[in-house]
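Shown next, in structure tokens, is the structure this report addresses.
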Amino acid sequence: MALKFTTAEGQAITPITVPVMREIDRLAVQETGPNLYQMMENAGRNLAELTLTLLGESRNGSRVLVLAGTGGNGGGGLCAGRHLANHGLAVDYTLGDRDGLSEVTGRQLSLLELAGGREVDPVSPETGEADIVLDALIGYSLLGAPSGRSAELIRWLNAGNSRIISLDVPSGVDADSGLTPGEYVRPQTTLTLAWPKTGLLPRLTGELWLGDLGIPPAVYTRAGLKNFRSPFIAGYLVRLTASEQ
């Protein structure tokens, strides 16, 4: 069965595979822009905006926890945490692996700490439960079953009562196939980036949103998307409805 998505305005969107998404990222970073820092900032701000929207009037006094991996997905989550801290929310974070942090993600971590974000061990009973957890552990670069600290954090997250928003792809879900080779996050909401992927099955993502990274239309066309039409005419965040045909 083929997975299709539709926007609130009725635009039909055919999902893409991970290799196509990698090519879109490559073209943007190496040739056209926006660069990696800019796309990470756009991803984080979109995630922060969606978080504030979902919190609504309950945002005052809310606590957010960011679970961040070492790469671009983790950087987007940490960036979102900084924006939320700037808007008055209490923001904590934990890292899947501090030693492997990429340069751009490390920069986002420094900015979050400057905004008041604090590192915690969420598994510790002393930490307490967050209102919302931002899952930014793995993203579309999953290779096999999550292991080590990432697997531990996923198990802990699924056992709790916090509302979960996954960034791009629920951690542990194969973005191409929708297969789950091991532990995987079970979010209420997923914000996927740039374009939906073929593995974003509705039973795995919860409510699905699409976030604009600011990539020029010509990049999508060069990557092989025929008759490209931007879904972001109405805004930076687009609600998607899935159907399997």
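Using the three backbone atoms N, Cα and C, a Cβ is placed for every residue, glycine included.
SER171 is the only one of SER102, SER162, SER171 that Swiss-Prot places in the K(+) site (with ASN73, ASP135). For the (6S)-NADPHX site that Swiss-Prot gives as GLY72, ASN73, GLY74, GLY75, GLY76, GLY139, TYR140, SER141, LEU142, LEU143, GLY144, ALA145, the extra residue drawn from ASP92, ASP97, ASP121, ASP168 is ASP168. A simple way to gauge crowding: the CB of LEU142 ((6S)-NADPHX binding site) has 25 other CB atoms within 10 angstroms, across all the protein chains here.
Fewest Cβ neighbours within 10 Å among the binding-site residues GLY72, GLY74, GLY76: this applies to GLY72. Rounded to the nearest whole angstrom, the C-alpha distance between GLY72 ((6S)-NADPHX binding site) and SER171 (K(+) binding site) is 13. Neighbour density at the Cβ, taken as the number of other Cβ atoms within 10 Å, is lowest among the binding-site residues ASP135, ASP168 for ASP168. Each of the binding-site residues ASN73, TYR140, GLY144 was scored by the number of other CB atoms within 10 Å of its CB, and the largest score is that of ASN73.
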